[in-house]
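Structure first, commentary second.
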Amino acid sequence: MHISIAAVGKLKEKYLIAGVQEYTKRLSAYAKIEIIEVADEKTPERASELEEEQIKQREGERLLAKIPHDAHVIALAIEGKMKSSEQFAARLDELATYGKSKVVFVIGGSLGLSKQVMARADEALSFSKMTFPHQLMRLILLEQIYRAFRINRGEPYHK
């Protein structure tokens, strides 16, 4: 399975970079992992709704340009479906079973994902009704993917 995480913005915090590197290394035993970063847009302090939509659209165009046409796309969005770790593991296993060898998780910038990205997504996933920093979301997602592989293989880790 080839799993990509397409995200807006570069990681800046050393602890996040170290965490992403650690889970990417751990996951290499289970799948090919790729992190795709696209440039984020500066959001003016008092941006209008129109300006925010235009920013999301520009970031979305960059994301869409990096997504293979044959990939199964999972958008991380607050309005997505929430799953337990076990349900998430079962979903990844199901995708692999049905030949979805390319899975792309998409993480938007601070304003979220554009309508175009959401339209391209095959499904939307939410980790919580709470809002998380988009940079931290990468690390949380990688940990849950790692946990899912461990669950699916019956390996110790998940408690």
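The backbone N, Cα and C atoms fix where each Cβ goes, and this holds for glycine too.
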For the S-adenosyl-L-methionine site that Swiss-Prot assigns to L76, F127, S128, K129, M130, T131, F132, which of G99, G108, G154 is also named? G108
In whole Å, could you give the widest CA to CA gap in the S-adenosyl-L-methionine site formed by L76, G108, F127, S128, K129, M130, T131, F132? 16
Are there residues of the same chain, six or more positions away from G108 (S-adenosyl-L-methionine binding site), whose CB falls under 8 angstroms from its CB, and which are they? V8, K56, E59, G60, L63, A75, L76, A77, S114, V117, H134
What residue among the binding-site residues L76, M130 has the most other CB atoms lying within 10 A of its CB? L76
Any same-chain residues 6+ apart from K129 (S-adenosyl-L-methionine binding site) with CB under 8 Å of its CB? Would you list them in sequence order, or say none? I78, M82
